[in-house]
Amino acid sequence: MSVTHVPETDVLRRQDPELAEILLGERERQASTLQLIAAENFTSPAVLAALGSSLANKYAEGYPGARYHGGCEIVDIAERIAVDRARTLFGAEHANVQAHSGSSAMLAAYAALLRPGDTVLALGLPDGGHLTHGSPANFSGRWFDFIPYGVDAETGLIDHEQVRTLARGHRPKAIVCGSTAYPRHIDYAFFREVADETGAYLIADAAHPIGLVAGGAAPSPVPYADLVCATTHKVLRGPRGGMLLCGGELAERVDRAVFPFTQGGAQMHTIAAKAVAFGEAATPAFSVYAHQVVANARVLAAALEAEGLTVTTGGTDTHLITADPAPLGVDGRTARGLLAAAGMVLDCCALPHVSGADVTAAHVRGLRLGTAALTTQGMGEEEMARVAALLAGVLRDEVESRKAREEVRELALAFPPYPG
Ligand SMILES: *Cc1c(COP(=O)(O)O)cnc(C)c1O
């Protein structure tokens, strides 16, 4: 897939040059800057082909063999393949691959297990919880009574004693484990034990690490959680979408919670693309990739720390790093802007050791970055060291922005995400 020879884009260019320019511009942006956003990745050309296929035209409410629409005999096979591949890949008795996104999967998980007003224990938002873990701006915070647990302010690690105490005190209907910003493995066995002791369901929101799980580079929540929610577009490298995994006894409730309770027609082109991604994730090459993602993140975290940034928890087990740039004289929001100008694209985040100090700015104190996309491009540990040096040079104002942008472009172009 090259930038110059894409028939689909040629068709679009003839019919709608305005939009064609935007597609090409975005492709060029992705190829010439460094995608350090922890939740992003590059799908394969095969996944993109499924996404851009005629399956996008098909209405398919319901499930394979039980649809509300005619003409589903072929897309039924696509969904059965996706479900079978997901079950095999993750060792789950049941998989639902229809959830439109990670948030939709969480909505369906709550719909399957809870009633409005139920109490739920989840990681607090300032400590790395997701919007769907009880944000007042989200349905979760409006419809359920969320009790937040946190991370230890010094170590940045989940405060297990607090989880146990809160669970005993509040007797939640469900406990959620999983995060948008936690760089370490989650101790699923611990959460299972607390859930059993207090009579709660355990929901694992593995949106971030599920790709590492697929590649054998992170522990699996599947044997421990009643329900696992995930995305397919982060480290897993599939199309933008969600999925749920569970045991046989919850299968029907989960399916009904997705359709018809929270969604209408399934997106069959996305489901086909999920099947392609699950196929890719089952290969030895993907396992090598997942382990390289973690190796790269470890090197990048160590290099950032050596450059003077404070890396939360002192490192990472995963693809994800959060760090405080304050020792270099900038806060997260300023750092994100300086780095964006240099072509290094990443997010701000809250930091455990400064949350509370200044509540209004607390959520933009830190930087959150990941190695999934760079690793897909073929970058290794040597490139991570270079990225850390460039990043720190920009933040310390040692490298001029134009020069940094040129160096970033040169590095990115040496590892094209879609070569050929
Ligand atoms: C990314 C993420 C989600 C939601 O994903 P969307 O597809 O953006 O809705 C849910 N939970 C966690 C922990 C995440 O990191």
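From the backbone N, Cα and C atoms, a Cβ is placed for every residue, glycine too.
Annotations in TrEMBL come from automatic prediction, not curation.
As recorded in TrEMBL:
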BINDING   LEU125, GLY129, HIS130, LEU131, GLU249  (6S)-5,6,7,8-tetrahydrofolate binding site
DOMAIN    13-390  domain 'Serine hydroxymethyltransferase-like'
MOD_RES   LYS234  N6-(pyridoxal phosphate)lysine
SITE      HIS233  site 'Plays an important role in substrate specificity'
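Across the domain 'Serine hydroxymethyltransferase-like' (13-390), the model assigns an average pLDDT of 96.
Residue pairs drawn from LEU125, GLY129, HIS130, LEU131, GLU249, the listed (6S)-5,6,7,8-tetrahydrofolate binders, are separated by up to 31 Å at the Cα level. Checked against ligand 1, the recorded positions LEU125, HIS130, LEU131, HIS233, GLU249 give HIS130 in sequence order as having a Cβ less than 6 Å away from one of its atoms. Sequence-distant neighbours of HIS233 (site 'Plays an important role in substrate specificity') (same chain, 6+ residues apart, CB-CB distance under 8 A): ALA39, ASN41, THR43, PRO239, ARG240, GLY241. Cα to Cα, LEU131 ((6S)-5,6,7,8-tetrahydrofolate binding site) and LYS234 (N6-(pyridoxal phosphate)lysine) are separated by 17 Å. With respect to Cβ neighbours within 10 Å, the recorded positions HIS130, LYS234 differ, and HIS130 shows the lowest count. Neighbours of LEU131 ((6S)-5,6,7,8-tetrahydrofolate binding site), defined as other CB atoms within 10 A of its CB across all chains, total 17. Listed in sequence order, ALA122, LEU123, SER135, PRO148, VAL176, SER179, THR180 are the same-chain residues at least 6 apart in sequence whose CB falls under 8 Å from the CB of GLY129 ((6S)-5,6,7,8-tetrahydrofolate binding site).
Here GLU249 ((6S)-5,6,7,8-tetrahydrofolate binding site) comes close to no residue that lies at least six apart in sequence on the same chain with a C-beta under 8 angstroms from its C-beta. All protein chains considered, the CB of LEU125 ((6S)-5,6,7,8-tetrahydrofolate binding site) has 23 other CB atoms within 10 Å. On a Cα basis, LEU125 ((6S)-5,6,7,8-tetrahydrofolate binding site) lies 20 Å away from LYS234 (N6-(pyridoxal phosphate)lysine).
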